[in-house]
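Here is the structure we will look at, set down as structure tokens.
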Amino acid sequence: MKFPTPKRKIVTEATQSFTFSRRAMVVGGLQGAIGALLVGRMGWISIAENEKYQLLSESNRVNLTLIPPRRGWIIDRNGRPLANNRTDFRVDLIPQRIVDAEATVRHLAQLLSLQPDDVDRIKEELDKSAGFRPVQVADKLTYDQFAAVSVRLTDLPGVAPSQGFSRHYPAGATVGHLLGYVGAATAEDYKKRKDPLLITPGFKVGKDGLERAYDEHLTGKPGAKRVEVTARGKIVRELTTRPDTPGNPIKLTIDAGLQEYAGRRLATQSGAVVVIDCQNGDVLACASMPSFDPNSFSDGISHLEWDMLSKDDHVPLRNKVLQGLYPPGSTVKPMVALALLEAGVSPAETVSCGGAIRVGNTLFHCHKKRGHGPLNMRGAIAQSCDIYFYQMAQRIGMDRIASMARRVGMGQRFDLPFPSQSYGTVPDPAWKLKKYNQKWQVYDTVNATIGQGYMLINPLQMAVMAARLATGRQLMPNFLHGAARPEPALVGVPEEHLVTIRDAMSAVVNGGGTGGAARMSIPNVLIAGKTGTAQVRRITMAERAGGVRGNAGLPFKLRDHALFQGFAPFDNPRYAIACIIEHGGHNIRNEDAPMIASDTMSYLFDPQKAMEKLVTLEKGWGGTPAERQARQMAAFRLAKAIEKGQAPPPAAAANGSEPANAAAPAASPPSPPAPPAEADDGNDLPAPPGPGTP
Amino acid sequence: MSIIPQSVTEFPWRVLGLLGAIAIFGTLVLYSAAGGSITPWAINQGVRFVIFAVMALVLSRIPLELFARFAFPAYGAVLISLVLVELIGGVAGGSQRWINLGFMQLQPSEFMKPIIVLAVARFYAMLPVGEIRRWNAIWPALVLIGVPWALVLVQPDLGTATMILAGGITVMFLAGLPLRLFIGSGLTVAAIIPIAFSFLHDYQQKRVLIFMDPESDPLGAGYHISQSKIAIGSGGIWGKGFLQGTQSHLQYLPEGHTDFVFATMAEEWGMAGGVFLIGAFMLLFRWGIRVSLRTPDKFARLVAAGLTTTIFFYMAINLMMVMGLAPVVGIPLPFMSYGGSSMLTVMLCVGIIMSIDRSTRRATRVGNWA
């Protein structure tokens, strides 16, 4: 069969054939043109825009992870580490990538045998986390635990095990307030700085203390790990890795040994010790106890531990050295005496103490009810006679005392690398007028003379006062080793006045004065000092009539603060010290301010002997602070469990936890006496005077 | 010249060599796409090519008249299976393109691509020459094209529907319909496109919109085009080297062994590989067009040019798609993309063109000797 094309239309057929040929050429030509267009397009993409797409391809392929830089060490004046870094296996959670948070946390808790309170903390942080910020699950893992998590990664989306460094504080709690701690950056930090380093798992910023103040200095440059990843995020292989540059170290004036000693020597008390080098104002120790363990803070503290710390009446979360304000009590008397000397009072002049004097219509008592009899300046300081100072202070007036107080550092603000500080007050007529719009009264002077009333001081200021009384120079406290600073100004008193004061302060300790407990057993080194008692309550008329009730019988919060400031050696001062025991009440002799101060001071002269004594004492206190805190934690956990009804209340266990600081709240103090009734108070003074130093 | 046996000189060495070169290249790319493994793609593709090449050679032995005679019956059969797909597809839900025959999945729309060319060519071959400028020359062709086009479009398979339409229209154009018809309808279509756009499925609309601006949604629907351009662009002139492609091996490039195989290739072989591949295809099209120009028979030349254009559409639409010049419509690249259907179709086309070539040569030789 042939095609049905009639032969008679040959011309038309030829025309059509010609049309076909022409159009087929056109089609072919179009195909060629489109082919050329495609080649051109390809050339444009792969040659002209090659660089752009190569970059995009690289950013697809390569995943850059930052390696958190190791933090600079914080070392003491002798190069011993106060804060260093420890190799650490850790596991984090990336909230964004988690599929089933509940199951993931449960699985991890089982793998890593996490405590219930850790689990609670993780869940809480997961809730709060903004999605990009990693939540720490656990660190300081053993290799086996780390490996156990690592092999299950495919079942655990969002879990990021890593090997890094964690901050370590060898001295534990004793440096807690001084150094602060580190922790993961907050979401606000990240929003402010937009630095991807902040959300890198394992990266910590300084949160408090010197860690925060010198954060920038201590933070190094991050390293970078480049890994090849698939579109699904699976790591194919590691490419180049740039190591991190560790942060710069900081050398402090702190003596690590002394710092730890001071912290431990504070025993079970709530107190602070500051030691200052009399040559240049370097702070050698700055301890506030009890404290938190910065190691556990840096790991992300458990809810339970936080709860325990914040409920403790020994306020472990407050840095008492810089944030604690106390009435200085009788520790101001040497300063007042110096003002008296400056005002022309002869040190030999005597005042007869009969136990009380009347100022205006109020009777002001001496701490010794029967009176001291006639006393000169040396005796008045040694015996801490209130009557002597009541009388003498009235003679020279408050302004001169206030001027001296300021010159020895009371009320002075120091430019220190700590985020939060409170400064004491030196009241004078102008101050009172401005603050309360009231006229200064004579009893105000009398109160201020014995460090009560409006007068307040923090432990650092007290140590500065001791150092300035010792040297006559306005030393400024300093924490950075070798920091350049100007020659200190002089207090502006003649040397013989200082000699008089130093001699009197020595008599406090070594001459039968009130500070006998502070005597040091270092040959040829005598410590000079001044004790103090700061009242935190009013003495009622009933009490006065029936004799001041023993502090031991009072509830903790109502007991007097115990204070001590001093220096050694007394005739050529090398170190100055201040010690404050909150609500110490002078109850336990070896845990009272004078002996703590003197033992700490003795460490500087004979560390071995001082340490021996401390170890013996600690046995009676229930071990080192770390041991005591662990026991406290266990008791607290148990108490919480009892509260929730998860554990039976143990009959004997509660008594066993006695040595721990304000242990379980379940163990209430035996029969707290009723607080003194305000109504009984006959006079209406703003701050009634109390007895001075015992 | 008589030393070599006639059967050997007649054997289409050049075109087979060309196809072989493309197929070997495609197999290499699939080998790389599988991460340097001949399984699962390269080996299948290679075997398939051999089988289909043999099939094409067998086709080339079939007399042209047979194709002409069976053009309409074949068209009818494929049309019926398209309707069947539509009916069964209603049950399965979504986009239904397959009939499951038990031993294999049949995609009738794929066969429609060459068959439409045969059918329309057959129609114009039968049409008396004088009728060509009449309405009678237009509407039967439009029906022939329109019915399968509509059936495939509602599947919905925009890519295949477009190719069926383009194949049919090309034959109409070649058949000598007045030029103004094409220009006129071209303008009309341009006016209608915005209206038609609103009738497209959501995902089709999205594809079109994203094609306009793939970077607007680089992680969502624009992901394919973005990653494909990155793969091609990062290859540069000489490519990253065989087995060195990161976009494909790290699975950033989706469909790196099927629709986007060109990007896989371009990443490793660069501009050089692209030029080679496009050049090879161009030679194939040149061969096809030349076959059509040499053939005196009306049906044969319409078929040869039409089928060549069908293969061309595969290549052009696919490459425009992977290079971001066309929306993602799911048209594979012949011989390169993994998959049997497209290779089968293209080899059918090639086989038919070879058959035309063969019959032309015989006729010419006979004519020369006569």
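Cβ coordinates come from backbone N, Cα and C, glycine included.
Among the features that TrEMBL reports, transmembrane segment is placed at B:12-34, B:46-64, B:71-91, B:111-130, B:137-154, B:160-177, B:182-200, B:269-287, B:299-323, B:335-356.
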Exercise for the section: Spell out yes or no: are there three or more C-beta pairs under 8 angstroms between the transmembrane segment (B:137-154) and the transmembrane segment (B:46-64), with each pair 6 or more apart in sequence? Expected result: no
Handout entry: Considering the transmembrane segment (B:269-287), which listed stretch of B:12-34, B:71-91, B:111-130, B:160-177 counts the most C-beta pairs under 8 Å
Key = B:12-34
Handout entry: Contact check, the transmembrane segment (B:299-323) vs the transmembrane segment (B:111-130), 3+ Cβ pairs under 8 Å, seq sep 6+
Key = yes
Handout entry: Criterion met for the transmembrane segment (B:111-130) and the transmembrane segment (B:335-356) (at least three Cβ pairs under 8 Å)
Key = yes
Exercise for the section: Determine which residues of the chain contact the transmembrane segment (B:160-177) at the Cβ level, with the cut-off under 8 Å and only residues 6 or more beyond its ends counted. Expected result: 97, 109-110, 112-114, 116-117, 120-121, 124, 127, 132-133, 137-138, 141, 144-145, 148-150, 152-153, 301-302, 305-306, 309-310, 313-314, 317, 329, 331
Handout entry: Same-chain residue ranges lying at least 6 outside the transmembrane segment (B:46-64) that approach it to Cβ under 8 Å
Key = 12, 16, 19-20, 23, 27, 297, 299-300, 335, 340, 343-344, 347-348, 350-352, 354-359
